[in-house]
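Peer 1: Per TrEMBL, domain 'G-protein coupled receptors family 2 profile 2' is recorded for 16-209. Annotation comment: TrEMBL describes 21-43, 55-73, 94-118, 130-148, 182-201, 336-355, 375-399 as transmembrane segment. Positions annotated as region 'Disordered' by TrEMBL: 218-329. If you look up TrEMBL, you'll see 237-251 marked as compositional bias 'Polar residues'. Summarising the annotation, TrEMBL assigns compositional bias 'Low complexity' to 289-303.
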Amino acid sequence: MMLRGRGEASLSEEQLRALGIVTRTASAMSALGVVAIIVTFSLSRHFRNPMHRLIFINAFYNAFDVVCTMISISGPKAGQTSPLCQFQAFLNQMFPVADVLWTLFMAVNVFLIVFRSYDIEALRKLEWKYIVVASIVTFVPALAFLFVRNDDKGPMYGSVTLWCAVAPSWVLIRIVCYYVPIWTMILITIVLYCLVGIEIVKRRRALQSITSDSVPLDDTMRPAGAASETWSEDADTQNYYSSNTTPTSPKDGTADELKHTHAHARFSPWPRLHPHPHPHPPTQPLPPSSTSASYSKSSTPAAILPPMTTRPHHSQTQEQPPTTPRLQPIKSSLSFRQYILMPLFFFLALLSVWVAPTTNRVAAFANPSFSSYPLLLVVGATGSLRGFWNGIVFVTIGVKSRSTRRRQEQRRWAVDDERGGGVLR
């Protein structure tokens with residue numbers, strides 16, 4: 001028995017059964033990837049930086065995409081006008097596009113961090129805007145297409161062999177309202193990553209970034225009373241402090257200068273680096289030498305994450321008198337794996353997903369009688385693996401970064417123990 005609709009491939013029942021098995025197997029793998037992202041994000045504090053949050057939000061969009069691909073050929077078999085086919089087509093129109101949008105948002109975040117020094121608060125303020133944009137841009141056309149139909153072409157949603165989507169009789173609308181926006185966003189993402197890559201190369205630390213998981217960013221200032229070396233949570237951003245910690249007296253500055261200094265920065269790095277109240281918080285103004293020129297917009301990406309909990313140290317038997325911290329240069333850096341490598345791998349996975357479906361659709365537009373069963377198998381496999389690839393990248397890159405952080409902590413603790421031992425003796 002053959003199943004053939006207008007503009008569809010002519011396939012046997014055995015071939016259709018094979019397509020259903022391929023798409024549902026890939027969908028099951030995507031479901032595991034989505035669950036892995038949600039569970040890992042929920043249970044591990046390490047997976048909480050702004051990139052992880054975007055991936056976590058996108059996982060819920062991927063979940064609806066999995067529902068669409070899991071329906072597979074059951075949608076077309078139910079009939080083009082059936083509720084199941086129309087529902088599947090709605091999901092197919094909305095959520096794959098949303099997945100591309102979230103990949104673009106990750107590239108935008110990388111750009112803002114590197115070029116605009118956005119911190120965690122600034123990035124979190126963008127998240128609700130991303131959700132609104134992704135939902136409206138994808139939901140409105142997907143809903144509108146449900147009500148579009150005419151006597152000549154029939155309903156806009158219909159069978160495309162593998163599943164239901166915009167029907168082959170509306171192929172031009174499918175290309176203009178689906179593939180063109182997708183590839184436009186992909187091109188924008190490429191441009192953003194190219195700009196970021198050029199900036200990293202300009203800093204002449206590209207190879208070092210790959211091996212040490214550290215991308216150098218702009219210098220800012222830190223209180224002189226802070227620890228000589230502080231690592232932010234999850235090693236996503238790192239601060240390297242000089243060991244010179246000379247206290248200053250109250251007469252070194254005025255309240256007006258302190259107010260003027262903080263007016264040029266969105267926040268002070270001091271509370272960011274120390275989430276718990278410092279035993280001797282600064283109570284005096286900063287020195288005149290700590291001018292506003294020492295701060296960049298949004299202070300520094302070194303405050304991208306809430307600080308990590310530090311290893312407990314033995315308390316001194318005699319408490320030191322309070323001192324006023326003096327600002328000293330901080331050389332901040334950005335986790336190469338978390339903020340550049342992870343989004344880049346997401347983008348590469350995205351490319352692998354969209355090449356085959358786009359080729360199939362453009363070929364069908366150029367030649368309405370075009371039919372390729374092997375290409376349909378590739379489309380069914382790659383088009384259903386979006387959540388799977390997202391989960392693989394999320395977990396593997398995150399675990400690798402976690403291992404790097406542990407090694408850095410061990411080295412820091414070893415240095416602290418050596419210094420502490422010398423003081424105690």
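For all residues, glycine too, the Cβ spot is worked out from N, Cα and C.
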Peer 1: Using a Cβ cut-off of under 8 Å, list the residues of the same chain at least 6 residues beyond the transmembrane segment (375-399) that approach it.
Peer 2: 9, 11, 18-19, 22-24, 26-27, 29-37, 40, 44, 46-47, 52, 55, 58-59, 62-63, 65-66, 69, 72, 96, 99, 161-162, 337-338, 341-342, 345-346, 349-350, 352-353, 355-357, 359-360, 363
Peer 1: For the transmembrane segment (94-118), I need the partner stretch with the highest count of C-beta pairs below 8 angstroms, choosing only from 55-73, 130-148, 182-201.
Peer 2: 182-201
Peer 1: Below 8 angstroms Cβ to Cβ, which residues of this chain, lying six or more residues outside the transmembrane segment (182-201), approach it?
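Peer 2: Same-chain contacts beyond the ends: 96-97, 100-101, 103-104, 107-108, 110-111, 114-115, 209, 215, 340, 343-344, 347, 350-351, 354, 358.
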Peer 1: What mean pLDDT does the predicted model reach across the domain 'G-protein coupled receptors family 2 profile 2' (16-209)?
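Peer 2: Across the domain 'G-protein coupled receptors family 2 profile 2' (16-209), the average pLDDT comes out at 91.
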